[in-house]
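> Structure below; questions to follow.
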């Protein structure tokens, strides 16, 4: 056991986590050169296309150190985006140490800080590594000082490497063996195995990634899932070298995968404990905190026949992504679907894209909203995650919106732009600290402003240099209103949005203008209105198509023309009373882009 090292690789987006993982796999011979590919751990098509890590992946490698001993390295490559921070905290729970990878050109960024603090809170050994030292812009000495000043870890002897060229990777491996402690645990105690992650395989059922804390697991063992008390037999057991390889046993301190033929999606939840059915342990391991979704949106299948498939797909996906929340919802405009909770807008995009690709579904998304705390006149407290659930105005006492504490790291040159962006987003400054050329800003900004497009705007105002990390702080009373959209006088529930009173007029006008572009012209006028309660705040009209009925009158009497025009007008009026307007998918998406341009 003293030759096992469990560690995660944590870093900000694009600081080279996945590339470093590739080099470690290559040096330790986990894959042959023929099988090696760039970012070999990013196995999802989506991850490769976007160049980001979404799922944490684990790998077991054998490394012969310079002292002649062979060490087993279990490491987990984690995502860098703030939307996937839950993946990171889960991965860290299975480790004794973490490699903090910092780009020697970019320096410390907000996500570096957030992930590093998570690791320190869990009592992990954090080992700083300066990556990308082959770049002309690299300044490792400055960055080492920055790590010490901002993060508070001594980085004077930090290992310097370039994951792309392979320079210094051997030193990284030696540092891992020397600096990261071996796992603790008792091989003879009753078995306790923590489920770090699980996914659904169409042939094998539920596959669980586990870390053995005490005891061991063997093939054909009878095991019990502690939360449900169900007993299963282990069909297959093994490790990833990134390839899935079968073994006969997993010992204390090791990380590997287990297949028990569980077909029920809820059969082995993430964060649960596995033990032997006979003579197993009594206590569960402390799992993970449940994360609260920050953004909610309705997802509806375009064709109602897909509803069952959609439900199954969501179930399988939520097994793999424990931070996804969903509950059934119905809408007059869109039929049956689900109200889903996400950690942020990127998370929402990724989930929608995964559902459409992996499960072949066509989906419509409604406007994302955050959760509001609503106080009614009779003193009752409600939590509202959808504009359609907001009670009538005369029943409301006050609406409280969630406030996010945002930590922003930005180079001093772009400070002015970033501050004006925060003010525009109704932010309140809490703190501002200079660290050399970097400025650490702390702002309290309403969550609804943060999740919509704050991240994109922050990147564009700072030319990509500013970085952001945010978490929910508190609820605060605010003047929020619901803006309804009426098409020819009928409310469309799926198009309503909740926004601040000061922005309502502007957003209402933008919304109706955007919708006008997407609704095709009909044989009658279509009035698109935005309203707060009964008060109309904006309107635009999609003009009717009309035939030139007087084309056949050559000259002739004006009364003849008037008669024909009047007849046409009456026909249009009749049509408008009975005509229905078909809203295309793009009209629903128009909401998502309001305020972005």
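Sequential numbering from 1, following the chain as shown.
Positions of Cβ are set from backbone N, Cα and C atoms, glycine also.
Here Swiss-Prot flags 2-184 as domain 'tr-type G'. Marked as GTP binding site by Swiss-Prot on the basis of sequence analysis: 14, 15, 16, 17, 18, 19, 131, 132, 133, 134.
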> Tell me which residues of the chain lie with their Cβ under 8 angstroms from that of residue 131 (GTP binding site), as long as they are six or more apart in sequence?
11, 15, 16, 20, 101, 102, 103, 104, 161, 162, 163
> Please find, for 14, 15, 16, 17, 18, 19, 131, 132, 133, 134 as listed binding GTP, the greatest distance between any two Cα atoms, in Å.
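Between the most distant Cα atoms of the GTP site, 17 Å.
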> Taking all residues of the domain 'tr-type G' (2-184) together, what is their mean pLDDT?
77
> Given a separation of at least six residues and a C-beta threshold under 8 Å, show me what packs close to residue 133 (GTP binding site) in the same chain.
104, 140, 160, 161, 162, 167, 168
> Can you count the other CB atoms that lie within 10 A of the CB of residue 18 (GTP binding site)?
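For residue 18 (GTP binding site), the 10 Å Cβ neighbour count is 25.
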